[in-house]
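All remarks here apply to the structure that follows.
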Amino acid sequence: MGQLRKVIGFTLCIFLAVLYLIRSIAMYPLTGVEAHPVQGNQYRVDAVDPGYWAEGKLQPGDLLVEVNGKSPSESYVLRTFEYLEMASSVKIIRESAGESRELSFDIPSDLTRNELVFRLILPSLSMLVFASFAFFVYLRKKEDPAAIYLILFFLSIGLAYLSSFSSGKGDLVGRTIMTISFAAVPLTFLLFLNRYLARYGKSFASRKVMTVMWGGFVLNLLLQVVEVFQFIGIKPKILMAYFAISNLYILYKLIRMYITNRQADLKSLFKFTLLGHLVGFLPFLLLFGVPSLFGVPLISPEVAAIFLLGLPLVYLYMFTTQRLFDIDFFLSRFSYYTMLAFVPTLIITGLAVLIMSQNQLSWVNWVQLFLIVYLLITVFLFGKEFLDYRLRPKWSKDLNNFQGSLDRFSSRISRVMKQADLERVLEQEIRTILPIRDVKFFSYEPDTTVTKRAVEKSGQAASAPIPENEQVTARAVRELSESGRKLAVGVAVVLPRGLAVVIGQKRSTYHILWVGDKTNRTQFNLDELSWLKTLANYSAIVYENLYLIENLIGDLEAEMSKRQGTPTWVLRMIFQLAESERRKLASDLHDSALQDQLIWYRKLEAAILDHELSEELRSDLTDIREGLLDVIHQIRETCNELRPPLLTEMGLVESLRSLFEQQQIRANYSIEFEAGPLTEALSDEATLTLFRIVQELLVNAGKHAKASRIWIELGQENGIRLRYKDDGIGLAQEKLSDSYQHMGLSGIKERVRSLAGKIRFFSEPGEGLEVDIWLPEKTAVSEGEDGHDSNLAG
């Protein structure tokens, strides 16, 4: 409740202050007269500013004898600040040609149209906008401490803008509000940014800087209090210096933090903040402040103040949405459009100079015209892009056809497995969209004039003589060679007859799509060219994949013919794919079948406990429950075999011990396991391979060898050594090579070979089986690899 009262009281104070400022601005127009006291109670006019009420009425040297029907010294504004404001009438004495004339003027209470727009309506609307921003922030983020400083920042800008016109009239309340709000703008901004960046672990201004800022703020307040009793001429300069230095420091810090974080995640945040500050203050400095030093301001201060609206808009968006729009995209578009707009602006301004040369406009007016035209063209280009996005699909039906074609083509090429299939799909798509007669595909090498492959894709060409087809292809090759264009994927070359588009590249050979002239004898327009280039880029991706598969198969065949066996890298890939499928199957079993079994088990258990059942029925249901529990246990065991639990976390030795304990419970053999120290950490792949080998050996011992005792040793001997021995029935040595009868042992061989290891089997009928396995500590990717990937096309 106390917090609500504070908010209501603060809002009421702001509302009353705004009402007072609006009344103060609306009561009297600005006269623009500066005067100083002379003998007696009179004041002499020093200067009359152009564009105000007194222009053309009062002149420098006029003697003020009455203001509002009273002595000039009784006017608080004239006596304190030495300029004539907040007056309804004035009487002067003007000396001319040795004669003195007494003149009286009534100052109208109504504002001119210019003053009404720029000094009352626009500042009032700005204040309303800033207040709305503040209210919006309070509703959305009232629990955020940074919101309070952002609200004060918005209100400070609005009040400073509105009170500046009341302060210019010498209104004491207006000057007080102006001093407080104008000095509060940089202070509240620093407080807000410090609090906002704290959530990212950053600090914008140090404590020393904030102490200085608070000191400057308090100094301006003290000077304002003193001014109530005595005018201090240097006070406005101190206030402006405080404001300028503070904002220069803010710009310096923003630039510095952007440079420091240009490679970090906060790069866009500081770029966005810097842009907002530049939009708010640069127009005032470059178009009014600096030119005013030379007496030629390009825009009025009222217009320059409008750009301040950009500042709160930036921070409102940044603070309430917690995200940034793509500032890099906006800046790239802005630079591009300003570059495009420059030449048309020069032309329009030059024509205006020629047409309006008789009006004798000053160079300042021409610069103003140039800036207005430049801004309008740039805004028009931004608007055009937006309208293109919104309206072009509705107005340009061809654009919809092209987009639908690309969607259809991208869907169809996903099923392409051969180059001929790709060319057929591409031809069908082109014939569907474009009114053409001929389509050809051929390979082209820039250094030769002979095509390596030409395939006629025209319906009419089916009955045409072969030499004529070759002649058409040769002509296209010759024209492409004579064009001198540098080729790359997606490049479209307009030929004297037809169009050539590069749809693929393999080393120095380009795959060319040649499209004949359109049946309506028109040229290919920009949309059609863009569509064909996009199709070419899609096709190039498929070509690259086809090349990759082709080279991969060729390398595989070469390896197999050279070694009379499957290469180790292929074996490794196959086993990795198998393990991946095992993991997926285990996950599916655990998440679906096992969970469903558990649910039904609990339902059955609840039914047995919660209902009155006959003894026979209870016995049957209990048996079903126990059978269901066995199925659950079997599924869990299967999941553990498919995906060994905690193999990476427990390590190979502990995982094997756990496996042996489980196997000895289920099987009729005992296991003696001896593990030596492993000084080198095993890779995940080697660990899983050894675990699978032991699993397979145990399965073989239980199903085929009928062993009762098993001995397993694991140690390190310039690699990893695994020894296995059992007392099973054994088998003849020559039968070990029969892969079809002993798939388990054959799989063990392949697993060892996939890691470039060695394996030996020792067995005789009735003497059990011995297996000696050695794996290198660091396995190579493939045997005899030269470090180059020959499977990449291009």
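Residue 1 is the first one shown; counting continues down the chain.
Placement of Cβ uses the backbone N, Cα and C atoms for every residue, glycine included.
Keep in mind that what you see is a predicted model, and the values were worked out from it rather than measured.
These features come from TrEMBL:
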DOMAIN    45-99  domain 'PDZ'
DOMAIN    690-779  domain 'Histidine kinase'
TRANSMEM  7-28  transmembrane segment
TRANSMEM  116-139  transmembrane segment
TRANSMEM  146-165  transmembrane segment
TRANSMEM  177-197  transmembrane segment
TRANSMEM  209-232  transmembrane segment
TRANSMEM  238-255  transmembrane segment
TRANSMEM  275-299  transmembrane segment
TRANSMEM  305-325  transmembrane segment
TRANSMEM  337-357  transmembrane segment
TRANSMEM  363-382  transmembrane segment
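Mean pLDDT across the domain 'PDZ' (45-99) comes to 85 in this model.
Taken residue by residue, the domain 'Histidine kinase' (690-779) breaks down under DSSP into 33 helix, 28 strand, 29 coil. Here the transmembrane segment (177-197) has long-range neighbours at 17, 21, 145-146, 149-150, 152-153, 155-160, 163-164, 166-167, 203-205, 209-210, 213-214, 216-217, 220-221, 223-224, 239, 242-243, 246-247, 250, 273, 315, 319, meaning same-chain residues at least 6 beyond its ends whose C-beta is under 8 angstroms from one of its own.
Packing against the transmembrane segment (238-255) from elsewhere in the chain are residues 179, 182-183, 185-187, 189-190, 204-205, 209, 213, 216-217, 219-220, 223, 270, 273-274, 277-278, 281: each is 6 or more residues past its ends and has a CB under 8 Å from a CB in it. For the transmembrane segment (209-232), same-chain residues at least 6 beyond its ends with a Cβ under 8 Å from one of its own Cβ atoms are 80-82, 172, 175-176, 179-180, 183-184, 186-187, 190-191, 194, 238-239, 242, 246, 249. Taking H, G and I as helix, E and B as strand and the rest as coil, DSSP gives the domain 'PDZ' (45-99) the counts 9 helix, 21 strand, 25 coil.
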